[in-house]
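S.K.: Dropping the structure in here first, questions after.
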Ligand SMILES: CC(=O)SCCNC(=O)CCNC(=O)[C@H](O)C(C)(C)COP(=O)(O)OP(=O)(O)OC[C@H]1O[C@@H](n2cnc3c(N)ncnc32)[C@H](O)[C@@H]1OP(=O)(O)O
């Protein structure tokens with residue numbers, strides 16, 4: 001680290017340092033300074049999810065008063081010049097297998113201190129700590145795509161933003177009679193149902209990541225973060241199965257007339273089955289006085305695309321990377337994910353931070369991989385970020401090879417790895433952090 005004199009320290013969210021830390025984060029993302037209500041919510045979330053906050057403060061350029069505390073903390077807390085937070089959640093890596101996941105967020109460096117190695121220093125120490133604690137995978141969402149590959153993170157899932165023209169929504173096939181029912185519920189009472197639907201989604205969706213506590217106030221309309229007020233337009237639609245258990249939900253809000261269309265934003269929609277998902281979308285599309293549905297969290301492989309008489313009723317307005325993954329423990333991570341067919345390949349992973357570095361033989365029998373260090377010549381050579389992109393199967397092995405991301409891998413080795421590693425629908429992560 002070039003700024004080696006600046007030592008990161010752990011930040012207590014409840015103190016004045018915590019306030020300064022949070023202020024630095026929101027201002028880095030060009031949001032206004034936090035008020036007391038915002039801070040109280042943020043502190044509750046930090047405690048609930050167990051976030052570890054790191055901050056770097058500049059060296060003093062002034063002489064503190066004689067009665068200043070001897071702790072080394074600044075007397076009046078100025079904003080840190082760097083912030084960094086991490087905590088542990090879980091991720092479904094496919095086949096119903098869930099692994100602990102090291103989550104990284106709130107990475108900021110003040111404009112006065114950029115490009116002096118502060119991010120590198122914080123990230124290197126934090127990933128080493130996560131690896132030492134036995135966490136096999138790390139994740140983040142990236143503000144810019146060119147920053148995190150050098151730290152071994154690769155884009156691993158994508159999300160779509162869509163607009164649905166409700167005037168053209170008709171299903172090709174009439175759905176069978178509903179043995180359950182759809183119900184509009186008060187958003188403030190919907191959290192237990194939304195949580196139950198999400199828990200089921202997490203257990204069966206490759207790429208799904210557990211959610212932080214901040215989801216509750218947003219989806220129940222208690223708090224709109226960008227407005228810093230209750231959401232007067234929040235609504236929740238539930239689907240209950242024949243036993244009256246929630247098996248699908250849609251959280252949505254009226255956003256007004258946008259581009260001449262009366263628009264509803266679907267903030268979250270998850271369902272246990274494609275049929276329930278279609279029921280939820282159909283009901284939303286049939287609402288009076290609504291011409292357009294908007295949603296930012298639609299999967300790449302989406303049932304509605306193929307269920308409509310007029311598929312062009314759906315327009316994708318953005319398709320982009322979402323979850324970035326970094327493998328910290330190759331044998332644990334690769335053995336946990338499902339594999340499509342039997343086979344054996346030797347992968348040389350190049351990882352300047354060391355965690356995934358090595359030559360690994362991956363041998364699959366009956367869908368389960370045995371992963372061991374190997375002295376054999378590698379079939380493919382890949383960087384750690386490429387392993388992150390390959391991990392959940394969002395991109396075909398052959399496409400990565402064509403892009404030169406597997407070194408000089410022979411076509412037969414690429415085919416073998418592709419047969420072993422590819423398969424299933426695109427992974428889907430509907431969690432933002
Ligand atoms: C997970 C998240 O929280 S995503 C949010 C990230 N934060 C933001 O976007 C807020 C605004 N930006 C910032 O605060 C800062 O510019 C940061 C955090 C992105 C970078 O912090 P810095 O301390 O300047 O980065 P640092 O000097 O450690 O650079 C580390 C490496 O990343 C590279 N890098 C840093 N920022 C960028 C960038 N925006 N684009 C491309 N490369 C970058 C550097 O060139 C350096 O490369 P090298 O070590 O391989 O030579």
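Using the three backbone atoms N, Cα and C, a Cβ is placed for every residue, glycine included.
The feature domain 'N-acetyltransferase' is assigned by TrEMBL to 27-176. Look at TrEMBL and you will find 107, 108, 109, 115, 116, 117, 118, 119, 120, 143, 144 tagged as acetyl-CoA binding site. Among the features that TrEMBL reports, active site, proton donor is placed at 148. As annotated by TrEMBL, active site, proton acceptor applies to 433.
Please situate the listed features within the shown structure.
M.R.: In three-state terms derived from DSSP, residue 116 (acetyl-CoA binding site) belongs to neither a helical nor a strand segment and is classed as coil.
The Cβ neighbour count for residue 148 (active site, proton donor), using a 10 Å radius over every protein chain in view, is 23.
All protein chains considered, the CB of residue 433 (active site, proton acceptor) has 21 other CB atoms within 10 Å. The DSSP secondary structure for residue 433 (active site, proton acceptor) is coil.
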S.K.: List the helix, strand and coil residue totals of the domain 'N-acetyltransferase' (27-176) as derived from DSSP.
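M.R.: Across the domain 'N-acetyltransferase' (27-176), the residues distribute as 40 helix, 46 strand, 64 coil.
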S.K.: Specify the count of other C-beta atoms within 10 Å of the C-beta of residue 109 (acetyl-CoA binding site).
M.R.: 22
S.K.: I'd like to verify something. Among the recorded positions 107, 148, 433, which ones have a C-beta closer than 6 angstroms to some atom of ligand 1?
M.R.: 107
S.K.: Would you give the longest CA-CA distance, in whole angstrom, between residues of 107, 108, 109, 115, 116, 117, 118, 119, 120, 143, 144, the set recorded as binding acetyl-CoA?
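M.R.: Taking every pair of listed residues, the largest Cα separation comes to 19 Å.
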S.K.: Return only the integer: C-alpha distance in Å from residue 109 (acetyl-CoA binding site) to residue 148 (active site, proton donor).
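M.R.: Pair distance, Cα basis, whole Å: 15 Å.
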S.K.: To the nearest Å, how far is the Cα of residue 118 (acetyl-CoA binding site) from the Cα of residue 148 (active site, proton donor)?
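M.R.: So the alpha carbons of residue 118 (acetyl-CoA binding site) and residue 148 (active site, proton donor) sit roughly 14 Å from each other.
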S.K.: What does the structure give for the C-alpha distance between residue 433 (active site, proton acceptor) and residue 116 (acetyl-CoA binding site)? Integer Å is fine.
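M.R.: Taking the Cα atoms only, residue 433 (active site, proton acceptor) lies 26 Å from residue 116 (acetyl-CoA binding site).
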